[in-house]
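**Q** For reference, the structure I am asking about is given below.
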Amino acid sequence: MFRNEGESNGKDAEQKLQKEEEKAEIGKIKPGINLQGYCTNGDCLVSKAKLLVWVNIGFCDISFDSNKTTYYCPDCSKPTVTSVVKAMFFNVEHSICASEDSIPVKDNYYQCMYVIKSNLSYELKAKKIRQHATSLEDLITRSENAMTSVEIVNLVAELQKYLITVVKPPKVKDKMRLLEKIECDYRGDYNQVFDVGRFTILCDNDTKLQTAVAVIKKAEKFNLVVSEDKDFFEKQSKTHHRFHNIKLYVPNHEVYIEMQATLKNFTTLEGYTAIENPKLSHLFYELIRAWKPKNSEEEELKQASDETLTKINDIICEWIDDKAIQKMASRYKGHLDIGILKPPQLWKKTEIEIDNNLSLKMAKFIYEQLCKFTPEKVKGKATYVILYEYYKNYIVGDKNPASCADFALLLQDSRKQEMEEDIAISQALETYISLQANNYPHVDGDDNEKQETYDCHQYVIERLEQDEKKSEQQKGVMIIEGKSGSGKSIFCRHLEGTLWNKYMSDSKMPIPFYISFAKIYNKQHEKDIVLQALQAKNISKEIIDAIRETVSFVFIMDGFDEIFDFYRKDMSKPYFCDRFGLNQWNATVIVTCRSNVLSEEDIKSSLIGMNQNDTSIVYLWPFTKMQMYSYIEKFAKIKSKNKTANENDWTPQQYKETLNNYPNLQKMIEEPFLLQLILNVLPLLVQRYGVESRISRAQIYEVFNDQWIDIHVQNIISKLSELRIQMDINKIKATLKRYCFDLAFDMFHQGSQVAIESEFQYQNSNEAVGVLNSMMENKSIVDEKIEIKPISRVVSVAKTRDVWEKYFNGDSVAKYVLRRTGDNKYQFLHKSCQEYFAAQKIVLDIISWKPDANFDLNNQEFQQQFEAHVPNLAINIKLLNEELGIIKFICERVHDTNPIFANLKSRLFRIIEISAINAKISIAAANAITILNSACINMHYRDWCNIKIPHAILDAAFLEGTNFQNANLDQVSFYQAFLNKADFTNASMNGVYFGEYACLEGHADAVTDVKFAPDGSKIVSRSWDRTIRLWDVSSGTQIQSLQVDSDVLGVQFSPDGSKIVSCAKDKIIRIWDLSSSQEIQLFQGHLHDITGVQFSSDGLKIVSCSRDKTIRLWDVASGKQLQLLEGHSDGVSGIQFSRDCSKVVSCSLDKTIRIWDLSTMRQIRLLEGHSDSINAVKLSATGSKIVSCSDDTTVRIWDFLSGKQLQVLEGHTKCVNAAEFSPDSFRIVSCADDRTIRIWDALSGKQLQLLEGHLGGITGVQFFPNDSKILSCSWDKTIRVWDVSLTRKIQSIKGHSSSVYEVQFSPDGSKIVSCSSDKTVRIWEASSGKQIQIFEGHLKRVHAVGFSPDMLNIVSCSDDRTIRIWNVMSGKQLQLLEGHIDDIVGVQFSPDGSKLMSYSLDTTIRIWDVLSGQLIQLLGGHSRAVTGAQFSSDGSKIVSCSGDRTIRIWDLSLGKQIQLLKGHSFGVSGVQFVPNGSKVISYSWDKTIRIWDASSGQQIQSLEGHLLSINIALLSADGSKIVSGSDDKTIRIWDASTGKQLQLLDGHSDGVTVVQFSPDCSKLISYSRDKTIRMWDLSSGQEIQSLEGHVGSVSGMQFSPDGSMFVSCSYDRTIRLWGNDDSGLMKCIWQAGVQSYGLSMKDSVWKNATGLTPQQKMLVGQRGGKF
């Protein structure tokens, strides 16, 4: 556009210069001076076309002659523009002066064109437009005035006519901000600033924008000068903002005002923009603009920032097409979805530090923008994506996660890699079956089919959902306990997978993080265990703080038991959350642990800590049959899919049927890992051991590991064959086995399940060959016969890293036989596999040793050579005490019938014996005796003088009569050991553990209650001896004795422990001052015996209850009765204040519990449920629950608020006298007249422990306040302390777990069968006492059992009213006979074994076919219970007797009664045919024995003489004599033909319950309630021997067929075989089972034994030991 001449300054010089309109010419017009002329280059196309060209000179001062120029042509780039015809000034302040003019022309219009005349010279000056203020303040003032000037107002009005929005800022820019910008952008030159006054023109569309620009460009009509026009609408600006920028000069104010026109779509002006987060780009720009990088890193960051801002503006201003923006936006995930992580560089930085560092300031700005910006529109989302990518790549760093989502992705990638590398886990997850769990542990004998278990996975998920609703501080800990092989690790990985799926569906869910303790734990860096685990997954340390602050986790921490040996070495901070710094994380913690590895105290201190309310314990239970079948279905399907050509394709049904042929595997396959193992090798097991054999766990692992190695050998062979290398396959197998033996043992030695390769690297197959060759050349390598050389040991302990180094040479054999669980970490397939190999190493090391001499050595010579070798054995390196899995495998080898293991037991004994003369093998000796004990090997009557077995575990060991004189028994555990007659003279016993404590003795009559002082330091007891006694807890000594003139019925300490309150039958309440032992106050008012009394928590009141049916409240200070509560209809037996003392709870003989409000004196709740008198009531520590106990034999738990009954605890068999909660309210302890103490799980009602030992009914029981002990008192006049911590059971008890009711020899005397109330039947090898078969299936106690005549089967009957026939060899149940409608009394095979007879309380006798299990005959006739029955010798008849006083003879061929024998005046207890069947002998409660003629039914003889009931009468084998035993304490021998009493054997001090003739009738054995077994010589009638050993009543005895031995069983859970010693006297040959009455020490000798504490000495003396 031209300006008219009239628009110039009017000067003459201007009139001589002419301005023309702009024309389109060659070349571009750019800001500054632009000259137009002709190119004279003949080769130039422009020149040829005679076109004018524009040449841009820029901002400068120039002078030229119009016809003599040398400017470069824009087309040919030659200096051939030799003449100029026009000059154009664009967007400049300029002046121009021709040689003919004296005054230059000046102007600041944005586009001025001048004609250049020929042959004149010119001076041109062009400068960038600038303000002309004298100061910044002047500039601001001018701008403010100009913005409100008439000129500008009129222009704005003109624009608004076209409905164009003009936005005037409310004020000009702030001076401070301007100064910053001026300094940064213009080096302090404020006159370069034009946006002090700026208008924004916003247009709805392109047309309006063009109109706005056109109007502004005509601003001269408003006395404004258009001084600069920059069009960044169609071409990109520096920042890529899209606008038309026009500067207007306001002459009246001599200042420039900026007009910025754009579309509303592109503006970021707040209040007018359609852009989300409009300030973002401006604030971003401001940060970049002021940035002066200090180093290359900052330079790079600033450059990236510039590029990012440009990309953002490209989106805002649509320099990118819609599709590209849409594509970008589709990747959007906001902060709420992905969780932006705080940049690591901002951690621990103050605001001042951040403000003074632009890099930090930028990081903070971007982080805050990403956290706050939540776009909804496409552009906003695309902008967010650009900003996030910049943040991820340049702020956080591309190696770090920028968000929770990135972090989650890294963990998922890591998990995926782990799964790919760890095929074992992947395969296990394919067959995963959800595990069942319970709130209490599974114990052997629990029927998991009938227990109310729950889905563990579902339970954990629900608990996690509950935790999500809690605050970070409230999140809890879940402990998952399970046996080895119960599926804990697979459960964890499956749970992890489920939680990842939940997270993928909802990113607000916590992130699961699996941590294997065995892989990650480092003793030196316990606090950083999570950090180490994250770093192992390529998460950098720098970002951890951000992750910790932002991410919510579920930590799944697997295998705490595997690190516990290291962990417990420092228990200064026992709680694992504190030790591992887990409280720093927002996480719910799930931790798994093997059962019985940690004691109850360990679990409390290490895993529960002080967070009882936030910690739950879940116990994994074995598979149910349904779960097993589901697993088998999955396994068979996958096996079939992946089978190789050589493998059998078994169906699920084949697996099930085959497993059923191995009864002893049934328990094993309840454990998930063992089920997987067994299914994998089941065809091989059948092949190797045959059908229906008894297969041990060690044998299963042997076959499995052999198969595992075979598979990997084939892999090696195939790789070698590719290289055309041949190697001996047997040598490779032997090499890999040895490798596994050594590595597994070193893992045990180092206490680690993970072997670490120091420098991780993969090698090629040629190196693998080299490794194998070198290993096989090593002379210490095992050959095919597995002959192992001694382990070479160094004295110094090598670093762990060095230990593993030898296992990772070259390609590393580890790659072939181990699980790779990390870049450089290896494990065995399962911990139990490592335990198996370590056990094998120890075993083979012992048994493969051979003496040097080739000729026969005598025992002494052999022992001497073996003695020299023992120090080098693997068994002598480290104690096995914590390695129950290894011990168990070795124990099975002790009993293994494979000849290779034949000498293992004897050599273990030799090791023990050698320790007597060689202290250097004390570890080996301790391990040996621990193994033998764990294998249930009897160690009684051993001569073990001087042996050294410190730290050995002899829990439940049978050590009767063993000589330990001068032995080193330091730290040995004798928990529940049988030490009768053992000799400990001069033995060292420092730190020995008995697991029991001395009784508190002193009371002269029954002790009826015990209570702790508030501080737990004292105990108060009361007794029928009318005394109250105080005892010191630490020493067990009596401190005080207070005499009362009446029976004391209640006693309790005051809250401060300075007084006690008592109540008695004399209706008086007494308060005693303990410092003076004086009675200081009496309270009277009750009308009958006062049965209970208690202080309030503040000690100001007392509440009492009485048989007068009332409850009374008393004021302690005044002694006045404050309240009387009535309502019970019988005597009140117990009372307790609520926690706040506003209420009391009472119980009564009226069978009710009542809750009373003391403020209203009214009963507010009535609790009913007990069916007999209630003896006690107690509140939990939280006050939320009530426990009660009753004469109805039950303990019940109630909800305090609702009164609802929560649990009924059943197990006691007599009146329950006391029950109370543990301090943590998790458990309940109760005691009863049945002489037992029982501990229960309060939540589930499951019985956890049974304690026996008191000799009378137990009257009181209480938990120790701060210890895993229990205090009890009894009718036996004692107070006992019990250790109830769940100790590790080292002995896998092969024996009955409850009372044994019957034992019988097999007809050939080689076996013994027994039955028990533990619901099992067991078969024992008579020669060794080894349990060879267990039959499980009965649902209640089994009380009768017997062999079939051919010894192939046994029969049993039970209180479950069933009869079962079992196969002796396989252990399989052959028949289940049901029909009796009441308890079965007895069962017997017919002489030919084809039939079975049973008789019952239901008054019937039933005959069954053994082969088919069908009922053949039902013999009914008795009117009361049938108490005895017997087949005749030919099996044709049966004789029976009954409580109906009759004896009946039945003919089986006719199926009817043929004789009815009457005569007894009371019920008949037993009946028997004489051998030829002609007579019948019976005995009765009427004190008589009668002989009857079987054919006529007539009584022949009545044998009388016993003074009390006859308990047993038996006929001798030859039928000539009868023996009887009676409650009159005598045994009588009678002539069977004449009925004459031949002998009276007197000696027992109580009733005789069992008698039996020896087979040759020369001897007799008897048992009495005096707990002695006596042997009598029948020829002389003299007692030969009195045998002691059983600590409970003997329930059965039988001579062996040859009469050389007899077997006995007892309610003490044990079976004993007795035989002749060298002197001809009987002694115990072996004992099976562990007696139930705790530690036994009767007649043991402790002369000069050292190291025992005073308490232990007192215990020894109380248990019959002698010093």
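Keep in mind that glycine also has a Cβ here, set from the backbone N, Cα and C atoms.
Feature table excerpt (TrEMBL):
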type: DOMAIN; residues: 477-569; note: domain 'NACHT'
type: REPEAT; residues: 1000-1041; note: repeat 'WD'
type: REPEAT; residues: 1048-1082; note: repeat 'WD'
type: REPEAT; residues: 1083-1124; note: repeat 'WD'
type: REPEAT; residues: 1125-1166; note: repeat 'WD'
type: REPEAT; residues: 1167-1208; note: repeat 'WD'
type: REPEAT; residues: 1209-1250; note: repeat 'WD'
type: REPEAT; residues: 1251-1292; note: repeat 'WD'
type: REPEAT; residues: 1293-1334; note: repeat 'WD'
type: REPEAT; residues: 1335-1376; note: repeat 'WD'
type: REPEAT; residues: 1419-1460; note: repeat 'WD'
type: REPEAT; residues: 1545-1586; note: repeat 'WD'
type: REPEAT; residues: 1587-1618; note: repeat 'WD'
**Q** In terms of Cβ proximity under 8 Å, which residues at least six beyond the ends of the repeat 'WD' (1545-1586) contact it?
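**A** Non-local partners: 1508, 1511-1512, 1514, 1516-1518, 1520-1521, 1523-1533, 1592-1599, 1601-1603, 1606, 1608, 1618, 1625-1626.
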**Q** Should anything in the same chain at least six residues away from the repeat 'WD' (1251-1292) have a Cβ under 8 Å from its Cβ atoms, list it; otherwise answer none.
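**A** Distant Cβ neighbours of the repeat 'WD' (1251-1292) are 596-597, 599-601, 604, 881, 884, 887-888, 891, 930, 933-934, 936, 953, 955-957, 975, 995-1001, 1003-1012, 1016, 1019, 1021, 1023, 1031, 1036, 1214-1215, 1217-1223, 1227, 1229-1239, 1634, 1636-1638.
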**Q** So, does the repeat 'WD' (1000-1041) come close enough to the repeat 'WD' (1293-1334) to give 3+ Cβ pairs below 8 Å, pairs being at least 6 apart in sequence?
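**A** Stretch pair does not touch.
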**Q** Within the repeat 'WD' (1083-1124), what mean pLDDT does the predicted structure show?
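**A** It averages 94.
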**Q** Using DSSP, what is the helix/strand/coil residue split across the repeat 'WD' (1251-1292)?
**A** 0 helix, 19 strand, 23 coil
**Q** Is the repeat 'WD' (1000-1041) packed against any residues at least 6 beyond its ends, judged by a Cβ distance under 8 Å, and which are they?
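**A** Same-chain contacts beyond the flanks: 1047-1053, 1055-1057, 1060, 1062, 1072, 1074, 1077, 1218, 1256, 1259-1262, 1264-1266, 1271-1281, 1654-1655, 1658, 1662.
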**Q** DSSP helix, strand and coil counts for the domain 'NACHT' (477-569)?
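**A** Across the domain 'NACHT' (477-569), the residues distribute as 53 helix, 19 strand, 21 coil.
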**Q** Please work out the helix, strand and coil residue numbers for the repeat 'WD' (1125-1166) from the DSSP assignment.
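**A** Helix, strand and coil residues of the repeat 'WD' (1125-1166) number 0 helix, 25 strand, 17 coil.
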**Q** Which residue counts does DSSP give the repeat 'WD' (1000-1041) for helix, strand and coil?
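**A** Here the numbers are 0 helix, 23 strand, 19 coil.
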**Q** From the DSSP assignment alone, can you count helix, strand and coil residues within the repeat 'WD' (1083-1124)?
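**A** Summed by class, the stretch gives 0 helix, 24 strand, 18 coil.
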